[in-house]
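Student: What follows is a structure written as C-alpha cells; I'll ask about it next.
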Amino acid sequence: MRREGTTRLHRTFLLRVYLKESAVITYPASKKIYCQGKIFPTIRVGMREIQLTNGDSLTLYDTSGPYSDPNISIKSPQGLPRLREPWIKVRPRKTQLAFAKEGVITPEMEYAAIRENQKRELKKNTDQERERRLQGNSLSARIPNPITPEFIRNEIACGRAILPANINHPESEPMIIGRHFLVKVNANIGNSSLTSSVEEEVEKLIWALRWGADTVMDLSTGKKIKEIRETILRHSPVPIGTVPLYEALEKVDGDVKALTWEIFRDTLISQAEQGVDYFTIHAGVLNRFIPLTQKRVTGIVSRGGSLMAKWCLLHREENFLYTHFTEICEIMRAYDVSFSLGDGLRPGSIADANDEAQFAELKIQGELNRIAWKYGVQVMNEGPGHIPLNLIEENMTKQLAYCREAPFYTLGPLTTDIAPGYDHIGSAIGAAFIAWQGCALLCYVTPKEHLGLPNKQDVKEGLIAYKIAAHAADLAKGHPAARQRDDLLSQARFEFRWHDQFNLALDAETARLFHDETLPKEAAKHAHFCSLCGPKFCAYKTSHEVRDTLQKVT
C-alpha cells in the first residue's frame with residue numbers, strides 16, 4: 001500500500017511539474033478575451049483575439065480553454081476550473097435534449113451560440129456583390145446569421161445537433177455538433193499496452209487542444225485506463241469520448257468469450273460517473289450482418305465491431321449492446337452522456353465501400369437513434385471509413401434519411417488506399433467533401449494511420465490537415481463566421497504585411513519558418529516580394545503598380 005501511495009504521489013508531482021512548466025498555450029500576436037452572455041450575463045466565453053499590425057483584429061473560436069489564459073493557474077490533481085458546476089447545481093437533473101424539448105435555453109446553449117458567431121455580428125461587410133457571389137451552397141442545411149441560442153435549442157430538440165456535456169465533467173466548455181454549425185474535428189489519444197504514462201496522455205491532450213481539437217477521444221487499451229481517463233477529464237476543456245468496450249475487455253484480460261453484459265454495464269456506469277461526455281457503442285453489429293463481411297477484401301476493421309462480431313459467434317447470441325440498448329439509454333440519461341453509435345462494419349478499403357454490410361448497420365443506427373431520443377439521450381452516428389470520392393455523397397444522403405438528420409461523425413473518409421504515411425492528406429480530401437455535404441464531426445487521421453501509434457508531430461499534422469478540411473467545408477456551406485480569417489489573410493498578403501500573414505495562418509510557426517529559410521532577416525518581413533518571384537516578378541507588386549496607374553488616368 002505504501003509503495004502504491006508513493007507511486008501515486010510521484011505521478012501527481014510529475015504532472016504538477018509538467019503543468020507548471022509546459023502547459024501554457026501561446027499563440028503569436030494573440031490574447032485571450034471573454035464575451036459575456038445576454039440571457040445569462042454571468043457567462044464568459046473564452047475566445048482568441050489576433051491583433052494585426054494595421055489596427056484590425058480577428059476573434060476566433062478557441063479550443064485551448066484556460067491553458068491560453070495567463071491569469072488562470074491550473075493545479076494538479078484538481079485540474080481545470082469547474083466552469084459549469086454553478087449551472088448544474090441549480091437546475092433539475094435532466095439532459096440537454098430534455099431541456100431543449102421543453103423549450104428551455106440552458107447556459108450551455110447560449111455559450112455554444114456565442115462561440116459559433118465569433119463576434120461576427122459586430123463586423124459588417126459592405127461589398128454586397130462579393131457577399132452574394134461567395135455566400136456558399138449549404139445544400140439542404142439552413143444556417144442563420146447570427147446563430148442564436150434559440151436556434152441551438154431547436155436543433156438539439158429536433159435531434160439535428162448534440163451538445164455533449166456530462167454533468168460530471170463541469171470543466172468542459174460547451175460546444176455544439178451539427179451540420180448547421182461550424183464543422184468540428186476530433187483527435188484520438190490514449191495509451192496502449194506498450195506505451196504511455198498519465199503525464200504523456202495529458203501532454204497529448206494539451207497538444208491536441210493547441211492545434212484545434214474540438215473533441216478528444218481517449219482510446220486507451222493498456223494499464224491504468226481508469227487513472228488516465230480521470231486525469232484527462234479533470235484537465236480537459238473539450239468533450240471527452242471513449243469506447244467503454246475497451247476497458248470492459250481489459251477487465252477480463254482480453255478474453256472476448258468472458259465478456260458479459262454485467263461487466264460492460266458496470267464499466268459504463270463507472271465511466272459516466274467520472275464524466276465521459278460521449279460513448280461509442282457498437283450496438284448495430286448484429287448477428288445477421290456478420291456473414292455479409294465474408295467477401296470483403298479487409299473484413300471488419302473496427303476494433304469494437306470485430307470484438308462484438310467475435311463475441312456473437314462465440315456465444316451464438318445477439319449482440320448484448322443491442323439487446324440491452326434501452327438499459328444503456330437509462331444509464332446515459334442519468335448523466336447526460338451522448339451516444340456516438342459506432343460504425344462497427346465500416347469499410348476498411350476502397351473495395352469494400354458502400355457495401356451491404358455497411359448500410360445494413362447504418363439502418364440499425366437509425367432505429368437506435370429513435371430509441372435514444374425517446375429516452376431523452378442525445379445521439380450522433382459514426383461513419384466510414386474508406387470511400388472513393390464518387391461514393392461519398394451516397395453515404396451522406398443515406399445517413400440523413402436513415403438517421404433523421406442526426407449529426408454524422410466520420411473517420412475521414414480516406415479516398416484512396418495507396419497513401420500510407422500520407423493518409424492524413426488522402427482522408428482530408430474526403431473529409432472536406434463529406435463535411436460540405438453535411439457531416440458535422442470529423443475524426444482526424446494522422447500520417448501514422450495503418451502504420452503505428454502517432455507521436456506529437458503526427459498529431460499536429462493530422463489536426464492541421466483536418467482543420468483545413470473543416471474550414472474549407474465551412475466556406476462552402478456559407479457559415480457566417482467562416483470567411484473573416486481568409487479575407488484578412490488575403491489582405492495582409494496583398495499588402496505585404498508578412499507578420500500578419502504568419503499570425504493569421506493555422507500554423508504560424510511553420511509559415512514563418514518556410515519564409516525565413518531563404519529570407520531570414522527582419523528587413524525581409526517588410527519587403528514587397530518573397531524568394532519565389534523576387535523583386536522584379538512579384539505579381540502583387542506589379543498589381544499595385546497597375547492600380548496606381550489606373551487611379552492616375554481615371
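A Cβ is built for glycine as well, from the same backbone N, Cα and C atoms used for every other residue.
Okay, these came from Swiss-Prot:
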BINDING   Asn188, Met217, Tyr246, His282, Ser302, Arg303, Gly304, Asp343, Gly344, Leu345, Arg346, Glu382, Tyr409  substrate binding site
BINDING   His386, His450  Zn(2+) binding site
BINDING   Cys530, Cys533, Cys538  [4Fe-4S] cluster binding site
Student: Would you say which of the binding-site residues Tyr246, Tyr409 has the most Cβ atoms within 10 Å of its own Cβ?
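Tutor: Answer returned by the neighbour count: Tyr409.
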Student: In whole Å, how far does the CA atom of His450 (Zn(2+) binding site) lie from that of Tyr409 (substrate binding site)?
Tutor: 20
Student: Rounded to an integer, what is the Cα-Cα distance in Å between Cys533 ([4Fe-4S] cluster binding site) and Gly304 (substrate binding site)?
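Tutor: Here the two Cα atoms lie 52 Å apart.
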Student: Fill in the CA-CA distance, Gly304 (substrate binding site) to His386 (Zn(2+) binding site), as an integer in Å.
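Tutor: The Cα atom of Gly304 (substrate binding site) is 17 Å away from the Cα atom of His386 (Zn(2+) binding site).
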Student: Restricting the comparison to the binding-site residues His386, Cys530, Cys538, which residue's C-alpha is spatially nearest the C-alpha of Tyr246 (substrate binding site)?
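Tutor: Considering only the listed binding-site residues, the nearest one is His386.
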Student: On the three-state reduction of DSSP, what should I expect for Arg346 (substrate binding site)?
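Tutor: It is coil.
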Student: Would you mind pulling the DSSP three-state label for Gly304 (substrate binding site)?
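Tutor: Once the DSSP labels are grouped into three classes, Gly304 (substrate binding site) ends up as helix.
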Student: Can you tell me the three-state DSSP label for Cys538 ([4Fe-4S] cluster binding site)?
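Tutor: Cys538 ([4Fe-4S] cluster binding site) sits in coil per DSSP, no helix or strand.
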